[in-house]
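Notes for the one structure printed next.
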């Protein structure tokens, strides 16, 4: 698709809409900021909606099946095949998870500003599949991995070449994720027009179905794929998901004629910088008593096509000065000439619209929410790796001939999430909607807060279960026998996994919706990148936390909380630490959420009307 051609067609379509008035066809047209494969106008009956978004949901299912097939068993592969130590393995898992989650910020920015979401998804998918092919090769060829069996209880570690090939494949996959993750979800949500009430309600359901597809992919990854990897062949397990990802990529391309495309716009970083510079330049200028005197452009000359206008809000008032128009003292009749370039167009580094100022405020308001969700991410990312290692030491037998793969315990979280998302969407939301009169049932931030509370309970349950596990190991004299199964059913871990799954329904889905809904319209892909970056930065911070705890607890010749023998680790202490940290974080989050101001859409078309040029004196 040639976006320059589409942009020209879009301009033609905009004029066509204005000239034909509000006839039946115009009512069926989508926001002018979108085009289809033919260019504008975009009709609801032919593009978008479920017929387009289902391709994205299927694609996300395949990608999450692939990702969790890697992530869930990565610590098992590192410790049992590459023979790395527990602490090193956990840190390597955190580093890879962190890079895979932080890089989408870059991918989202490129998609929003340069190539558009569709092409970013296509390019990222090619890189993703190439990385999967190399990973499958790495785990299949004996020359690229250490010997399977250890001699005299000493395991031969992987060579530098073997480690390099394996991790290069992993990080190539993370590079593919950087373009795939932020763009695909935003592209799927773009298929629903926010100016249409029916499609807006469908978009709320879309986010729940999106999470459902993630859960199903996760479920199959940690059960069927995990079983194949641990009991049949690592190569076969990764080969299956490579084929699945390839097929999903082809299906996505097949749906190309049904999609609505939002053209890339101006750099959001530049627009934010313009507001800050303009506000600093006018720091000594008095604000008007009437906010309606602030500059707003409603004719589309200096705003992004399809960008909805935002209403003024009262916080971060120092930024409002960027929208104050200053009278030219040398020529009062020219009015706003002092803020223009050559008397033609407004200089964006001197004067910004109210909408542009409000876009900057949105980003500023997101910072505390992002930070407090980061603390939750530290607990979530660390716990999953240790949860799986806990399971590997316990009795995983079901009957006399079958053992549950340790990573398959994640299926408990997934099933809980799948069941509860249906209950939430079909039962809780309609009931809450009648009580609160909110179309979502509860606000986005309330949903996130409930998830944080459940995450605290998850850490408490994990700490209590770990104390039980260590108690049983001590009774049977197994504290110094890490290779011996502790006679305690692995299903004692059920409460923490179930709580983790239900917490995700509130917290993860809430965060995805928040970072899509509350960012400026031209930053939707970047918004999903913000969400993923919470997880990524949390992974890096988690590794730092482990390192700090390790150094502190090893002082005075003590073994510390983390040793290779899990029975001698102090995981219960670590879980209690995370529970207390998460509880304190929840209290801080509640304070920030109570003061939060949601995005306010101005009730007017973004491509109609005229500019307001009001004059203020220095």
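Every residue gets a Cβ built from N, Cα and C, even glycine.
The feature transmembrane segment is assigned by TrEMBL to 65-83 (among others).
As annotated by TrEMBL, transmembrane segment applies to 95-111 (among others).
If you look up TrEMBL, you'll see 118-139 (among others) marked as transmembrane segment.
Only residues 6 or more beyond the boundaries of the transmembrane segment (159-177), in the same chain, are considered here, and those with a CB under 8 A from a CB of the stretch are 67, 70, 82, 92, 96, 99-100, 103-104, 124-132, 134-135, 137-139, 144-146. The feature transmembrane segment is assigned by TrEMBL to 159-177 (among others).
Positions annotated as transmembrane segment by TrEMBL: 209-228 (among others).
As annotated by TrEMBL, transmembrane segment applies to 234-254 (among others).
The transmembrane segment annotation in TrEMBL covers 369-388 (among others).
Annotation source TrEMBL lists transmembrane segment at 408-424 (among others).
What TrEMBL records for 444-464 (among others) is transmembrane segment. Sequence-distant contacts of the transmembrane segment (444-464) (same chain, at least 6 residues past either end, Cβ-Cβ under 8 Å): 369, 373, 376, 379-380, 383, 387, 495-496, 499-500, 502-511, 513-514, 517-518, 572, 575-576, 578-579, 582-583, 585-586, 589-590, 593, 596.
Panel annotation: around the transmembrane segment (528-549), residues 87, 90-91, 94-95, 97-109, 181-183, 185-186, 366, 370, 373-378, 380-382, 511-512, 514-516, 519, 560-562, 574, 577 of the same chain, lying at least six beyond its termini, place a Cβ under 8 Å from a Cβ of the stretch. According to TrEMBL, the transmembrane segment annotation covers 528-549 (among others).
Same-chain neighbours of the transmembrane segment (573-592): 368-369, 372-373, 375-376, 378-379, 382-383, 386, 448-449, 452-453, 455-456, 459-460, 462-463, 466, 549, 561-562, counting only residues six or more beyond its ends whose CB sits under 8 Å from a CB of the stretch. Sequence annotations record features per position, and here TrEMBL assigns transmembrane segment to 573-592 (among others).
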**Request:** For the transmembrane segment (65-83), find every same-chain residue at least 6 residues outside the stretch whose CB is under 8 Å from a CB in it, and list them.
**Result:** 89-90, 92-93, 96-97, 100, 128, 132, 135, 139, 145-146, 148, 150, 155-158, 162-163, 166, 170, 173, 177, 217-218, 220-222, 225-226, 229-230, 234, 237-238, 240-242, 244-245, 385, 388-389, 392, 405-407, 410
**Prompt:** Between 95-111, 118-139, 209-228, 408-424, who has the most Cβ pairs under 8 Å to the transmembrane segment (234-254)?
**Reply:** 118-139
**Asked** Excluding the flanking five residues on each side, which residues at least 6 beyond the ends of the transmembrane segment (95-111) place their CB within less than 8 Å of a CB in that stretch?
**Response** 67, 71, 74, 117, 119-120, 124, 167, 170-171, 173-175, 177-183, 186, 264, 267-269, 381, 523, 525-530, 532-540, 543
